[in-house]
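Here is the structure we will look at, set down as structure tokens.
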């Protein structure tokens, strides 16, 4: 009986060992499956060394994705006792995807976690000792299409930038040269380039994710560029500079650079873009720490958080949940809120001192770099599980910037600013704002550029122009240079051809603008031609006046260039002239400075009392005469004075007699032969008939009658043509008119035969003779 009992026990142990052996390592070729630790879900046995290989068919372009569903392995320092390891290939000689893991979580990333091979095979190794047993693990696998799922992280200790696979400890250093103190990093999924900043070498650069084609994008006026963000939609990059306290933007190749924010900002650090929404966000850990956002053009700034902040470093967006996360290195905590700043939540307050810097959200959690843990820390987005730290390539080091890329992440749709739309027609920058796109000026602006100059010359000439003015959209210094040096003039000769003058404005960022104009030169030695110039004018000056008004027709001039200017005129027509001779000079000049002159003389001579006589050489003029009296020259003798007074008395007597006769009989006006018919009785005035006014009292004769717009025309038409003293209008052309200057009045005369039947009307008011 005892022998039977021992035999049964032996068979049971053998069966159990056989079962364990059958579950301790194998090869899988299936597209999906499950890997269990021996004895699962019970405790695993001691002294195991199990190895499983999962490999897809050679003709398939797939990778192996392994998900750890349950994990419980004896914990020990460095996992030297029991441990689980995963290799990226068909043997343990392949690179390690998961470093030795023990306890209740694997070393990377957070549990439960998914790791992915880079090729068609994966190897799982599970080893145990004989001290303590635990529950083991359960993992599922499947063959999937290849994908990218990696971080880009900056290692300031070793001055490197790594591509770190999210699903393994594998990290590959990019061959970036010239790094001194690298800080910020971001990734462009369109052109597959890594963008980075260096606060030691003070530059911004980029390099292909495959390590190819490193470029320097910006070096001028770079201070301490702590943050950088790539907007793959608009093809722009944004960066913060805590040295200059600014936020700037440029195209991805570094051109068209412009400062967006330079006021009320103290220590800007991280910066991110909300693709396709038209917002940028940044943190400021200065004296008044805050987190802000603005439109893509830097306008409409909004403070998201400003209370209970210390050193807000890394910030990131959860675009799906519309949440903003940030890490505070001074207050040792990670928080989040809505994109407008509402519903602020404290996610994690660390009990030990930490110093988070870079921060990103990936598919299954939130990741950040930490100067204390010297690795990449990870937690689920709600911090419901413990955090895990990944040391890049298994080595603790000080990490700064952090970026994440997944090939399965849906890229935002293109917009008007994307490459497919040729920058939406914007000449320089196209940025997004919530309402759409906006063209942003970057280069210096010439506020005034000279117009083209057309000049005619006959000899060497200096051409001058106004120097153009310039301004900068970024409000920075601008240097202006010219193809003609610092001068705003040039010398042209008759043999000169067209000349182009070019100005260039260059700001401190390398943005430039140009202003050009041409100078067209024409040879011209032909002077302008005067086609009408007044003749000399002689005019008598009455003794009672000091000067007399002289009027002449304006001269006329033409030129072959069609453009001539009056550069000198000595006197104006209608000016007053005193006794003597005056030369009136007109001088014209064309563009070539050829000149023409019109010159004539005005002579004012002494005249008799009541006489003004004008003589214009070579021109027929109407002359008005009255009784001329010679003005005595020199000392007047007493006899001459007596004679003059006698003559005046006789004249006055004659006038009185004439008035008396005019009231009694028909007046027969007598005029000189130059002004009236040769028959002294041939004319009689209407005013003489009706008022007895001396018809020879006028000082100027007009024939024919004055035009209606003449100042004294109303007087003429009232007394001579219409009104109460009407004259037949058929005889208007035969009317002779005299006008007195003081008081102004007309005296009119018609042929006698016309007036023979005209009777003066009776006065309407016998008490008035008006």
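Glycine residues also receive a Cβ, built from the backbone N, Cα and C atoms like all the rest.
The signal peptide feature in TrEMBL is assigned to 1-21.
Residues or ranges marked as domain 'CUB' by TrEMBL: 24-144.
Sequence-distant contacts of the repeat 'LDL-receptor class B' (192-234) (same chain, at least 6 residues past either end, Cβ-Cβ under 8 Å): 152, 154, 161, 163, 174-186, 240-244, 250, 252-254, 257, 268-273, 275-276, 280, 282-283, 296, 401, 403, 411-412, 414-415, 417-418, 430-432, 437, 476, 508-510. Per TrEMBL, the feature repeat 'LDL-receptor class B' maps to 192-234 (among others).
Predicted-model confidence for the repeat 'LDL-receptor class B' (235-277) is 95, expressed as mean pLDDT. Annotation source TrEMBL lists repeat 'LDL-receptor class B' at 235-277 (among others).
Per TrEMBL, the feature repeat 'LDL-receptor class B' maps to 278-321 (among others).
The feature repeat 'LDL-receptor class B' is assigned by TrEMBL to 322-365 (among others). Within the chain, the repeat 'LDL-receptor class B' (322-365) has long-range Cβ neighbours (under 8 A, six or more residues past its boundaries) at 109-110, 113-114, 149, 151, 153-154, 166, 185, 270, 274, 279, 281, 283, 285, 291, 293, 302-305, 308-316, 371-373, 377-383, 399-404, 406.
Taken from TrEMBL, the feature domain 'HYR' covers 439-522 (among others). Remark: secondary structure over the domain 'HYR' (439-522) totals 0 helix, 44 strand, 40 coil, with classes taken from DSSP.
If you look up TrEMBL, you'll see 523-606 (among others) marked as domain 'HYR'.
Per TrEMBL, transmembrane segment is recorded for 639-661.
Tertiary neighbourhood of the repeat 'LDL-receptor class B' (235-277): same-chain residues 184, 186, 188, 190-191, 193, 195, 197, 199, 204, 206, 215-218, 221-229, 283-288, 294, 296-298, 301, 312-317, 319, 339, 358-359, 412-413, 415, 417-419, 423, 428-432, 434, 440-443, 473-476, 509-511, selected by CB-CB distance under 8 Å and a gap of 6+ residues from either end. In terms of DSSP secondary structure, the domain 'HYR' (523-606) contains 0 helix, 48 strand, 36 coil.
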